[in-house]
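Annotated features, as they stand in TrEMBL:
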type	residues	note
TRANSMEM	77-98	transmembrane segment
TRANSMEM	110-132	transmembrane segment
TRANSMEM	153-174	transmembrane segment
TRANSMEM	206-224	transmembrane segment
TRANSMEM	231-251	transmembrane segment
TRANSMEM	271-291	transmembrane segment
TRANSMEM	303-329	transmembrane segment
TRANSMEM	349-378	transmembrane segment
TRANSMEM	461-480	transmembrane segment
TRANSMEM	486-505	transmembrane segment
DOMAIN	516-566	domain 'Cationic amino acid transporter C-terminal'
TRANSMEM	517-535	transmembrane segment
TRANSMEM	547-567	transmembrane segment
Amino acid sequence: MGLARDGEGGTVTKRRGCSCTKDDFLPEESFKSWSNYGQALRETGMRLKDRITTRSLETAELTEVRARSGHEMKKTLTWWDLIWFGIGAVIGAGIFVLTGQEAKEAAGPAVVLSFVVSGVSAMLSVFCYTEFAVEIPVAGGSFAYLRVELGDFVAFIAAGNILLEYVIGGAAVARSWTSYFATLLNHHPNDFRIHATSLSPDYSRLDPIACVVIAAVCLFAVISTKGTSRFNYIASIIHMAVIIFIVVAGLTKADTRNLAPFTPLGTRGIFSASAVLFFAYVGFDAVSTMAEETKNPAKDIPLGLVGAMTITTVCYCLLSLTLTLMQPYNQIDPDAPFSVAFSAVGMDWAKYIVAFGALKGMTTVLLVSAVGQARYLTHIARTHMMPPWLAAVHPRTGTPINATVVMLVATSVIAFFTNLNILSNLLSISTLFIFMLVAVALLVRRYYVSGETSPSDRNKLVVCLVLILSSSVATGLFWALSKKGWVGYAVTLPVWLIATAVLQLTVPRARRPKTWGVPLGPWLPSASILINIFLLGSIDGLSFARFGIWTVLLLIYYLFLGLHASYDTAKAAEKGREGSKLEEGNDMARAAVPPEKTGGII
């Protein structure tokens, strides 16, 4: 199916059959001819300013933007589905692979504390996501939330990292799938990989099994969201039974002497492992992308997201504690830690149950990831930041087939070449960055409404946000650059504390949640910003270099294509309606504000 804009308002109409013409990818006015494109490039500065300072309306995200897919996604999901989607999305490679890697190389038995730190950070982000998902229940997830609160440009930078997060996360899980499959067959993981000696060591172990698994998941994901949900919670229930077995059977072989030394690399090892183990919590944001397909978002999303994260955190702490009680941390196998641990304590038969459970878990992670990433890409394409061909929803299945296939092809390419340690670090950077932005957006949402918030309150909000962000960055940098000492924290943490208190006491709330809101505002969103940025300070410099390269590539694409496509789409839609705008600075559902008072982010 293809999509096309009509001549007036930028709306889309459905075409029959599968279409892959130029208008499916670049239908905007700027790309009609080379002269039009040249004119668009000459206006880059003006257009960029417009995209930076313009915010989307909630009503636009829920109506006009969503309508560009041609067909509605089917509302079939309940809180029960979302809980199991959340569990299925999260419990996979992170716990079954990275636990061993980080226990052995960074945290030792204190890896359980690393999971607690990551879990607290993830739960704070869950709260922020939940409030947004209840009030803006669209497939775009954090991309849509950031468009509404921080503007088009920030949303695009986040969108690129969202897509990177999903591609890398899926690739990492697929490679881990091969590792546990090999264990199940009594082989070393590399026995099933092709060694390309001419390539760099980090990219030389080619993994065809990972690509096959991704292809199978893709086929299932495009058939039916509800069918995917049923398969997921059946598989997840089996998976939970395996987790209970691992904990109970493992604790029968527990030796408390293995917990000494508890922190072999000290506090730094705990936080270093925590930054990487945040990978183990990645995936819950996929649940927020299913809000558009949820029957009762106000009830189902809070129960689904918070319930899934609570269950997941408890499971992770129990599993990691069990592993370090079974084996000394320096003897843990980094590739298949639980299977090898059972073999080491004389329960060789149990490793097959563990490997089976791990495969089950990683399969559901891949499946939910496939569903989530396709919905992100669909909503991004609805704004024309990506080709609108990717926004198509199939009329029979009610699923975004084009977006699903494209994302999983990219995932399989990465999975074929790249080692897990590279993937996990890069994924953590993208994820922590996005979660930090969502927390910032929530504070903006609570304390600023264009046309209603006074200039003095707006300026106080800006100052408080700058201080919260800068003190958080300074704390993370001090942690990364200073191996010992506390003087830096004695400055940065009080600044964060005072800035958050001033925000609470001096800036009046401009908007209150309609049905469900993050408790203890602004403290929990501000704490989410601090923890996410602090954990970024525990990630190696080479991963940041790769992250920087990806960001530069995003900016190049945006300046030459995405900027002009989204600008044309927004302006055409704005021109085609009388008396309202697709994008401006205020929520038109709350109040009609004169045009001269709208248009700025803050």
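Just so you know, glycine gets a Cβ as well, placed from its N, Cα and C.
Small disclaimer: the values here were computed from a predicted structure and weren't measured.
When the stretches 110-132, 271-291, 303-329 are ranked by Cβ pairs under 8 Å to the transmembrane segment (77-98), first place goes to 303-329. Secondary structure of the domain 'Cationic amino acid transporter C-terminal' (516-566) per DSSP, as helix, strand and coil residue counts: 40 helix, 0 strand, 11 coil. Ranked by Cβ pairs under 8 Å to the transmembrane segment (231-251), the stretches 110-132, 153-174, 303-329, 486-505, 517-535 are led by 303-329. For the transmembrane segment (153-174), the list of distant contacts is 48, 51-52, 92-93, 141-144, 146-147, 207, 210-211, 213-214, 279, 282-283, 286, 362, 365-366, 369-370, 372-373, 376-377, 380, 385, 407-408, 410-412, 414-415, 418, 420, 423-424, 426-427, 430-431, 433-434, 437, 550-551, 554-555, 557-558, 562, 566: same-chain residues at least six beyond its ends, Cβ to Cβ under 8 Å. Within the chain, the transmembrane segment (547-567) has long-range Cβ neighbours (under 8 A, six or more residues past its boundaries) at 26, 28, 30-31, 37, 40-41, 44, 47-48, 50-51, 152-153, 156-157, 160-161, 164, 383-386, 426, 429-430, 433. The transmembrane segment (271-291) is not in contact with the transmembrane segment (486-505), judged by fewer than 3 CB-CB distances under 8 Å for residue pairs 6 or more apart in sequence. Comparing 206-224, 349-378, 486-505, 517-535 for CB pairs under 8 angstroms to the transmembrane segment (110-132), the maximum falls on 517-535. Below 8 A, the CB atoms of the transmembrane segment (461-480) and the transmembrane segment (206-224) form no more than two pairs separated by six or more positions in the chain, fewer than 3 in all. Within the chain, the transmembrane segment (349-378) has long-range Cβ neighbours (under 8 A, six or more residues past its boundaries) at 69, 73, 85, 87-93, 95-96, 139-141, 143, 159, 162-163, 166-167, 169-170, 173-174, 176-177, 180-181, 183-184, 213-214, 217-218, 220-221, 225, 228, 231-232, 235-236, 238-239, 242-243, 245-246, 249, 283, 285-287, 289-290, 292, 336, 338-340, 342-343, 386, 390-391, 393, 399-400, 403-404, 406-408, 411. Residues 117-118, 120-121, 124-125, 127-128, 130-131, 271, 274-275, 278, 428, 432-433, 435-436, 439-440, 442-443, 446-447, 468-469, 471-473, 475-476, 479, 496, 499-500, 503-504 of the same chain, all 6+ positions outside the transmembrane segment (517-535), place their C-beta atoms under 8 angstroms from a C-beta of that stretch.
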